[in-house]
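Structure first, then comments.
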Amino acid sequence: MVSKFNRDSKKIVHLAVNACLAPVCSMHGLAVTTVEGIGSTRSRLSAVQERLAKSHGSQCGFCTPGIVMSMYALLRNQPKPSLEELEIAFQGNLCRCTGYRPIIEGFKSFLEDYEVQGRAVANGKAGGCAMGDKCCKKQGACSKNITQNLVQPHQFAPYDPSQEPTFPPELQVADEYDAQFLTFSSERVTWYRPTKLSDLLQLKEKHPSAKVVVGNTEIGVEVKFKNFHYPVLIQPNHIEELTSVQVIEGQGVKFGAAVTLSELEATLKEQQKKQPETTTQVFKAITDMLNWFAGKQIRNVAAVGGNIMTGSPISDLNPIFMAAGCVLEVSSASKGSRKVTMDATFFTGYRRNVISPEEVLVSITIPFTKENQHFLAYKQAKRRDDDIAIVNAAFNLTLNSQKEVAKLSMAFGGMAPTTILATKSAKALKGKEWNEQTLEAALDLLVQEIPLSPGAPGGMILFRRSLTLSFFFKFYLSVQQSLNGVVPEEAKSATRQFHSLPTKSAQYHEVVPEGQALHDLVGRNVPHLSGSKQATGEAVYCDDIPKIANELYLALVLSTKAHANIKSVDASAALATKGVHAFFSAKDLSPDANQHGTIIKDEEIFVSKTVTSQGQVIGAVVADDQMTAQRAAKLVKIEYEELTPIIVTIDDAIKENSFFEQFKPRLTKNNFEQGLKSSEHTLSGEVHIGGQEHFYLETHCSLAVPKEDNEIEIFSSTQNPSEIQSMIAHMLKVPINRVTCRVKRIGGGFGGKESRAALLALPVALAAHRLRRPVRCMLDRDEDMVATGGRNPFRGRYQVGFDAQGKIHACKMVMYNNAGYSVDLSCSVMDRAIFHMENAYNIPNIDTEGFLCKTNLPTNTAYRGFGGPQSMFLAENYIEDIAVYLNKDPAEIRRINLYQEGDITHYNQELVNCTLQRCWDECAEKSDYNERKKQVEKFNNENRWKKRGLCILPTKFGIAFSAYFLNQSGALVHIYVDGSVLISHGGTEMGQGLHTKMIQVASRALGVPETDIYISETSTDKVPNTPPTAASAGSDLNGMAVMEACEILLKRLEPYKKANPKGAWKDWVSAAFFDRVSLSATGYHATPDIGFDIKTKQGKAFNYFTYGVACSEVEIDCLTGDHQVIRTDIVMDLGESINPAIDIGQIEGAFVQGYGLFTMEELVYSPTGTLYSRGPGMYKIPGFSDIPAEFNVSLLRGAPNPRAVYSSKAVGEPPFFLAASVFFAIKNAIASARADVGLKGAFRLDSPATAARIRVACQDRFTAKFPEPEPGTFTPWNVMP
């Protein structure tokens, strides 16, 4: 948080800002507060930190400090904020773990109406249950064993704004720091902060290529990720002409170019309150747009002038400024001042304009509108909040008294290298009456004036072109409505924009039985035991480990070609750089030592001869610090000889017959051909599901410390410390006992750190071993994304046979996954896909097989669900196709095909304790599916351009590693003489609350309170030969091992308990110690009765199954492809939950992550294998506003699981697929839109259901104007891998 004293308003202003975009030089004279400065576990947590931790709002915790500071800054400005202010505060924050719901709920306790609502609920005057009339209390079916209280708000410490740290008085009483002309210099950069316009103009005259910096939102990115270097930077924030705001009577409002977007927004909103509505239409368009412009943290520092001068073709404001004809004032020392209108001549090329290098943008005047004027702006992005536009537009219409077009300006972004004005179309429409004929003429004119070649940068050609027409159509209808013109009732929905809906939620679970001992934490809602440390910034992640004496930093040199021979590697320029110590490559290892791989060793640590993907490691530079190492790594020159073919997509691999031939799993059940032949109906189909980036908030990180006798200690952000240990030992040719891998916690993993952590850990360990000095490296986000791979894209082809009722009799499924350049875990991913190709449906005759496509992409790897979500998605597609074919509700097809108790899967496993039907019935009832289905149909009949969809679907997820030997783990439990307990186990803490659950298990097993039990870290010298923390089996395997170790120790203590029955825990421990009894024990658990041979179909593949059902409702905008999730209900069978709050958090987090896979997360590759989506700018994960407005989760009660610790069930992966309910609800809504234009029957919709795919699938008269070009007649900008 950055705080400053506004000398005009005489108020202290607190701003949440992104630290990475806040140069130290720009902080002069400001007060900076970090998360460590507002509270501590050693003293007192701030109210924000405490409520987030106690509300279960922190899982991996890596995002938590940023979220805390966003809320804290809001409270410092507004101690009792509104819900809208709360939502706006988090527009710039992302979380990959929680699903956001617990964060929102925790912070709602600060809202102005929270206490009023709380009292009403307490007095029985208001219902707190999101189920409304369906609440069990109102239905008379409430059980005293069921609760929805995950949090106890009455335990929150009160928030007292008067107790917050004070603003430094020296910054408030004097303007000394504000008035200084500052100069900061280094070897490479000089930073100036002038305080007068004349000084600024002189600097620009002297340094015409100097960059003017306000928010650093563009230059910071260019320097960090595009290797730009700017020797001179000028900060104008203290120049009056550039920071002032002036209302000019009869003209508009003049803003200094350095006025921030937040200040712009506040001023324009104030004017909207003061001025007539007809006068402030441009102002309203800007403030509405700013709500979707970046996040609050960016708007707090980014300047209006920066937006203009950057000249992005997808700027959200420039179309508005151009359509409005805003006037700019520019100045230079030699030429003086001049006025420039933002018209069709303003932009001269990509990010270029008519302002000369020595000139400075001083101000912009935004005009008032008149009574006969109509002004609106539109935007469509991949994600509504905090996202750049795909296409945006602004329309400025003036009508005369005859309702004829007197003047029209139409500006578009995202359709050319610059923001453009459709001047020809506007000229042709002048004088025409505003009616349907003019609308049609305008659409045809825009088609001609705004072309887009099939291979244009940005792709999505049909979508982008159709948006130009959709936006104008929306504008036309809005103007008609304001004129009281004729607009059909069903068309009015086109003018309604999506806005955040009021959030509500309910979470139901069983409470612990009466009489359960207080120390026994099993079944209780214990907050994540690191939650408070994560909320205060005290939690230590790999890169937080303090720098060690003589430590060096490593930077990787990555391949930039997808398929090429390496002709030469020249590191001389890098080695000549001051501070560089070494360069390592394949020449520094023997061929054997250079090989690695999880299942087969088909990868090299350093590529020696041929690169087969961009992002492969060719070498590593080691230097004194990060900046030097990264700069030197860019100096390494690599000469390539490019090779063909470059295989990027699954289609490419099929065409080139490029597969990993040794992995072609196949499973059959009974006789598919016979089953198909005897079926009344048959159909076939094909569908594709894209990949997914893990986007863990903490990128890969390693720190290696060499020790004596060839020992090496490696701190790694890995889910698989034992594998890292053994790989390093193999590389260094030392015994495994010389290598120790330690993991304190991971800032998110999701499978991405199961095998791919080796990519970084191995070079770091090699450098440390050879140089005999500690070496560290943490990948930048773009490096991580381009090098480490993600979820495998899948292509599925299916044939199904079924009867008139929809009962499936036969299914054949052929699946292809895009493995990338190596096998890694893709073969096991395909095994899991083969096991889950029927999802939750009993199909008598099955034939399924899988192929691993070998492509020139980063190798894909484990990801939450591990192939299950992909094949289950394929299954739900044939369910949907059958429903369309039979004209039945897909829910009915799903229901009649559900597995039942005792059914046998296609891998010969009997379903025992199968609760699918119970989950289905309960979800259908709680969601009120049947009644809401009717409401959706009614809505769709009444609305042409907005459609709703509803979907209920199940999941069945097998729990176990498919590799038999991995189903084991160990634990080491020490009891010290003071009675305290230290636990080590084989699992890593990556946010899923594993350590918390293990302490809960031990609290019951030992009969001691949590305060006496501690887990420090995961380390291979404590528990050896452990499996990865994956396959949702972490709690099962390690919980049983911990329980076994505790039982051994209890048995040893039993004689002392009998001898002193009235004694306490410490007494028994002390007596045993003095009697020379060991107070340390190892526990070991191997999952019994498991192990499946895919060739013989013998054995049991899974220990048990986790079941669940979800029902989701969505609304789509047929004209833009935008959508909103209105409500989701989930019922999940998790046995007897060890920690309901943590488990419900896992359900919500998995669902939202799955929602990202199925709707917005899209990997964008070029046809030559370049990853375009290598950062949050282009790759979008769900944000706070994307979660279901109503989000209800219930844990099935009365379903104990005898196959896991304390009757619990695994939870990490099973809920993930339930997010497909959103995808198929969207598809249901699209079907309604298609039916309106006579398109009925099944249609293909690949995943993710992005705005582009939704819009194009909703075919209409606008999309019909843009025929698809013939494949092969152009080179597409991007392809779907």
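Glycine too: its Cβ is placed from the backbone N, Cα and C atoms.
Features as listed in TrEMBL:
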- Glu1213: active site, proton acceptor (ACT_SITE)
- Cys20: [2Fe-2S] cluster 1 binding site (BINDING)
- Cys60, Cys63, Cys95, Cys97: [2Fe-2S] cluster 2 binding site (BINDING)
- Gln719, Phe750, Arg864, Ala1031: Mo-molybdopterin binding site (BINDING)
- Glu754, Arg832, Phe866: substrate binding site (BINDING)
- 184-371: domain 'FAD-binding PCMH-type' (DOMAIN)
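The binding-site residues shown are Cys20, Phe750, Phe866, Ala1031; of these, the one with its CA atom nearest the CA of Cys60 ([2Fe-2S] cluster 2 binding site) is Phe750. Nothing from the binding-site residues Cys63, Cys97, Glu754, Arg832 places its Cα within 10 Å of the Cα belonging to Arg864 (Mo-molybdopterin binding site). For the substrate site, whose binding residues are given in the record as Glu754, Arg832, Phe866, the maximum C-alpha distance rounds to 16 Å.
In this structure the C-alpha atoms belonging to the residue listed as '[2Fe-2S] cluster 1 binding site' and Cys63 ([2Fe-2S] cluster 2 binding site) are separated by 14 Å.
Among the binding-site residues Cys63, Cys95, Cys97, Gln719, Ala1031, the residue whose Cα lies closest in space to that of Phe866 (substrate binding site) is Ala1031.
With Gln719, Phe750, Arg864, Ala1031 listed as the residues that bind Mo-molybdopterin, the site has a largest C-alpha separation of 13 Å.
Apart from the site residues Cys60, Cys63, Cys95, Cys97, the chain places the Cβ of Ser58, Gln59, Gly61, Phe62, Thr64, Arg96, Thr98, Leu697, Gly747, Gly748, Gly991 no farther than 8 Å from the centroid of the site's Cβ atoms, the recorded [2Fe-2S] cluster 2 location.
Cα-Cα distance from Glu754 (substrate binding site) to Gln719 (Mo-molybdopterin binding site): 5 Å (rounded to the nearest whole number).
Ranking the recorded positions Cys97, Phe750, Glu1213 by the distance of their Cα atoms from the Cα of Arg832 (substrate binding site) places Glu1213 first. Less than 8 angstroms from the CB of Cys95 ([2Fe-2S] cluster 2 binding site) sit Cys63, Ile67, Ile103, Leu697, each of them six or more residues away in the same chain. Figure note: comparing Cβ neighbours within 10 Å for the binding-site residues Phe750, Phe866, the maximum is reached by Phe750. Within 10 Å of the residue listed as 'active site, proton acceptor', as judged by C-alpha distances, the binding-site residues found are Ala1031; the full candidate list was Cys97, Gln719, Ala1031. Rounded to a whole number, the distance between the Cα atoms of Cys97 ([2Fe-2S] cluster 2 binding site) and Phe750 (Mo-molybdopterin binding site) is 9 Å.
The Cβ centroid of Glu754, Arg832, Phe866 marks the substrate site; residues of that chain outside this set whose Cβ lies within 8 Å of it are Gly751, Leu825, Ser828, Val829, Ala862, Tyr863, Gly865, Gly867, Ser962, Ala1030, Ala1031, given in sequence order. In sequence order, Gly749, Gly751, Gly752, Glu754, Ala862, Tyr863, Phe866, Met990, Pro1028, Thr1029, Ala1030, Ser1032, Gly1212, Glu1213 are the same-chain residues whose CB sits within 8 A of the CB centroid of Gln719, Phe750, Arg864, Ala1031, the residues recorded for Mo-molybdopterin being left out.
Counting other Cβ atoms within 10 Å of each Cβ, the binding-site residues Cys20, Cys60, Cys63, Cys97, Ala1031 show the lowest value at Cys20.
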